[in-house]
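K.L.:
Could you have a look at this structure, given as structure tokens, before my questions?
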Amino acid sequence: MADFIVSPGLENVVVAETDLSLVDGQNGVLVYRNHWARDLAIHHTFEEVAHLLWYGHLPNAEELKALVEALAAQRELPAHIQSLIDSIPADVDMMSVLRTAVSAINVSGESFPPTLQQIIEVTAKLPTIIAHRYARLNNREPLAPRTDLTHTANYLYMLKGEQPTAAHVRALDAYLILTQEHGLNASTFAARVVASTQSDLVSSVTAAIGALKGPRHGGAPSEVTEMIEAIGTKENAEPWMRKRLEGGNVLMGFGHRVYRTRDPRATALSVVAQELAKDDPWFDLALHVENTGLKLLQEFKPGRQLNVNVEFYAAIVMRSIGLPDSLFTPTFAVSRTVGWCAHILEAAQMRIIRPQSNYTGIMPE
Ligand SMILES: CC(C)(COP(=O)(O)OP(=O)(O)OC[C@H]1O[C@@H](n2cnc3c(N)ncnc32)[C@H](O)[C@@H]1OP(=O)(O)O)[C@@H](O)C(=O)NCCC(=O)NCCS
């Protein structure tokens with residue numbers, strides 16, 4: 001019986017070649033196709049970057065108009081999905097509702113191979129599902145999606161019930177662009193595994209949402225705001241964080257499995273956060289918490305190169321535009337759907353993913 005070398009967490013195992021992104025953890029570099037992600041976040045829109053990932057290039061004016069309109073046309077939820085969401089008890093968390101509602105999307109066309117039209121349908125409906133549920137939880141009638149707004153502006157409009165400011169749309173767009181794609185993270189890998197079986201697009205996206213829901217993957221930004229709230233004052237930052245570290249706990253929003261230097265998404269988002277929140281005392285406190293955390297991590301984990309990650313600044317940006325903690329991970333799903341779908345297209349062409357395991361049980365007589 002052959003024994004295989006076990007790599008826990010598949011660390012350093014390469015299972016695919018991809019044109020979609022380069023995540024260089026040593027140098028703190030993130031590339032989407034042949035573009036720096038940080039430049040895309042500053043100079044482009046959600047739809048433009050989705051076009052880059054799905055179609056292989058940034059769109060010209062005509063291509064962009066077509067994609068913006070195609071997404072807008074697919075936002076509305078069919079009656080069966082609205083009733084399904086409404087039938088789920090109020091104490092079921094938003095990610096579970098999202099996973100259930102997405103699994104009921106009936107995309108047009110054959111179930112395999114996935115098409116760009118199907119990808120547009122699923123991507124367009126995700127924000128509406130979240131906003132529908134959020135409205136119900138707040139005892140409001142859900143707002144019909146608008147077709148005259150961009151993907152990001154319409155999402156904010158449906159959540160808040162008012163036209164969002166340009167600054168808020170810009171800031172959320174930057175976050176959504178920076179988190180659209182990130183190599184073979186757990187949820188993207190889950191999507192690729194399902195797609196490699198030649199199952200349908202909706203099944204792959206549903207699996208990915210299930211993986212993103214896990215606190216080790218998509219759950220950190222809300223814990224960053226909780227940490228900063230709990231710290232409360234600058235004077236309390238050092239004793240509070242020191243106590244956490246002495247107790248063997250991690251500091252939320254610091255460290256990363258891949259980046260051994262500053263997370264490039266955190267660097268890009270810090271510029272956005274600075275513009276948005278520079279006059280907010282809470283932001284000032286967050287910067288103090290960042291500096292204190294960095295100092296203490298050097299003391300407690302010398303030589304580990306622990307820095308802030310994207311979730312630290314995601315928390316600041318989402319709080320500044322008025323999104324509650326409960327929407328942080330669902331909003332992450334709104335952006336990462338773009339990357340999942342791009343990977344699903346790639347994986348559908350590839351060999352079925354089927355690793356091995358070593359049997360450690362007892363053999364029958
Ligand atoms: C993301 C995370 C799970 C990566 O874990 P990992 O791959 O084990 O990280 P590393 O290999 O770099 O860890 C090296 C050491 O630093 C410690 N460390 C890592 N992140 C830490 C943090 N945020 N606070 C305190 N210590 C931390 C690890 O416990 C490990 O210590 P050890 O060698 O004494 O056991 C981890 O950094 C973490 O839990 N961070 C906080 C949660 C978070 O912000 N998640 C969002 C990520 S985008």
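The backbone N, Cα and C atoms fix where each Cβ goes, and this holds for glycine too.
As annotated in TrEMBL:
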type	residues	note
ACT_SITE	HIS256	active site
ACT_SITE	GLU311	active site
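Each of the listed features needs to be described in terms of its position in the shown structure.
P.N.:
Secondary structure at HIS256 (active site), taken from DSSP and collapsed to helix, strand or coil, is coil.
In the three-state DSSP reading, GLU311 (active site) counts as helix.
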K.L.:
Could you measure between GLU311 (active site) and HIS256 (active site) for me? Cα positions, answer in whole angstrom.
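P.N.:
Just about 10 Å between their Cα atoms.
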K.L.:
Restricting to the chain of HIS256 (active site) and a gap of 6 or more, list residues whose Cβ falls under 8 Å of its Cβ, or answer none.
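P.N.:
Listed in sequence order: GLY25, ASP263, ASN307, ASN309.
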K.L.:
Specify the count of other C-beta atoms within 10 Å of the C-beta of GLU311 (active site).
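P.N.:
I count 26 other Cβ atoms within 10 Å of it.
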